[in-house]
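Taken verbatim from TrEMBL:
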- 17-40: transmembrane segment (TRANSMEM)
- 46-67: transmembrane segment (TRANSMEM)
- 87-103: transmembrane segment (TRANSMEM)
- 109-126: transmembrane segment (TRANSMEM)
- 133-155: transmembrane segment (TRANSMEM)
- 175-194: transmembrane segment (TRANSMEM)
- 206-229: transmembrane segment (TRANSMEM)
- 249-269: transmembrane segment (TRANSMEM)
- 281-300: transmembrane segment (TRANSMEM)
- 315-337: transmembrane segment (TRANSMEM)
- 349-368: transmembrane segment (TRANSMEM)
- 374-392: transmembrane segment (TRANSMEM)
Amino acid sequence: MIERVHPPITEKGLRPALLWAAFLGSSWTWIIGMVLPVLLVADYGFWGWAVFAVPNILGAGAMGFVLSNEEMSRKVSGKHRDMCLRFSEITVVFHFFVIGWLYQLLFGWWGVGAACGFGVVCWLMAQKRAGTMIATVLVTAASFVMAGIGFGLNGAWEGLVGIGGEGLRLSSESLWFFLPASVLGFLLCPYLDLTFHRARQSTSPGVGKAAFALGFGVVFCTMIVFTLAYSGLLRPVVLENKAIELPRIWLAILAVHMTLQAGYTIGLHGREMNLRMGKAGVMRMIFLGVVGVLLGYMSIDSGWTLNGLTSSEVAYRTFLMCYGLAFPAYVWLCMIPTLRKDVSGKGRAVIWLIATLAGAPLVFGFFVMGYLWWMVYLLGVLVLARVVVELLPMGKAVEVE
């Protein structure tokens with residue numbers, strides 16, 4: 001099935017390349033780009049951020065070259081429509097969870113309301129291309145200004161140490177076990193992101209490649225360098241669930257940056273859900289929003305810990321399991337072409353489900369409990385699952401949805 005939800009290409013040249021670069025860079029910053037580096041710097045120091053950043057930039061940027069034209073993207077997003085929608089749904093509820101948790105601690109309920117409200121505004125604007133681009137320019141420009149101010153303020157770059165430095169939560173060798181998880185997730189997850197497919201389907205081959213290269217090599221890179229700069233400031237909030245009083249200038253900077261980026265991503269993914277599901281997509285986004293905010297808020301006062309992690313951090317890391325296992329495993333097992341043509345699509349989906357269920361305890365053991373070698377076992381499960389996929393019987397080609 002070839003998806004035709006987006007209009008055909010109408011523009012070429014530098015201007016659309018820059019606009020779609022801003023669209024891509026800001027749409028991918030979201031809750032992982034703004035929060036995960038805080039955890040990684042606390043765990044591994046600066047090199048934890050680097051191991052997060054490099055595969056992320058290269059993996060996301062590569063999609064514009066691997067899917068070298070709009071037709072390839074339409075085929076992929078059409079054939080795997082349902083899993084792409086699951087990706088958007090998890091992304092939306094993940095954002096609302098962090099809004100209910102972290103935004104409430106940082107900014108209070110006005111911050112929660114502002115982020116949710118701006119998500120609605122962006123969803124409305126994203127219904128039309130002109131509105132999408134206006135929101136894109138405003139959000140990206142505002143974040144660039146906030147980053148430019150923040151880079152030079154007192155409090156920026158605090159607590160950055162090298163691998164194995166004093167005060168880190170994990171040992172130096174543990175970073176090597178995190179590396180394959182980062183590579184696996186960030187190389188494969190982009191192919192399920194419907195906002196990426198929107199950009200690829202809205203640009204000519206050359207413009208699309210330029211947009212993906214600039215979007216992740218410049219725009220997104222700037223955003224996560226900014227996260228590195230403020231990671232020390234947010235460490236007590238993210239790691240200990242402590243409401244802190246930031247200097248007013250930092251509070252204003254982070255409120256603008258984090259509110260706009262989260263609302264923007266929610267709006268874009270909500271638009272893709274609405275486009276494919278109609279009113280059901282709108283109702284589902286509202287439901288996910290309410291559930292996510294409530295879960296985030298309840299995690300603050302639950303009081304329990306696991307392996308020294310607060311309930312909020314455990315929940316955050318559990319969400320990450322979707323992007324570290326379920327989604328990349330789907331791309332690995334169900335989307336990457338097999339050596340033989342017409343391998344059973346239903347069979348591949350079954351193998352993916354089995355591998356995901358078998359791998360879930362392993363990835364939880366690694367991400368939450370700190371069992372380093374469980375990541376090696378997880379990789380073994382995924383390799384074995386791919387071998388089984390290659391050995392599946394031939395059959396009539398079946399679309400995996």
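Don't overthink the numbers, they just go from 1 along the chain as shown.
Note: Cβ is positioned from N, Cα and C throughout, glycine not excepted.
Counting only same-chain residues 6+ beyond the ends of the transmembrane segment (46-67), those with a CB under 8 A from a CB of the stretch are 24, 28, 33, 36-37, 40, 73, 76, 160-163, 175, 178-179, 182-183, 185-191, 196, 199-200, 208-209, 211-213, 215-217, 220-221, 224, 227-228, 231.
A contact links the transmembrane segment (87-103) to the transmembrane segment (175-194), because at least 3 Cβ pairs that are 6 or more residues apart lie under 8 A.
Where the transmembrane segment (17-40) meets the stretches 109-126, 133-155, 175-194, 206-229, the count of C-beta pairs under 8 angstroms peaks at 206-229. The stretch from 109-126, 206-229, 281-300, 315-337, 349-368 that makes the most Cβ contacts under 8 Å with the transmembrane segment (133-155) is 206-229. Through the fold, the transmembrane segment (281-300) approaches residues 89, 92-102, 104-105, 112, 116, 119, 123, 241, 266, 270, 273-275, 310-312, 315 of its own chain, all at least 6 residues removed from its boundaries and within a Cβ separation under 8 Å.
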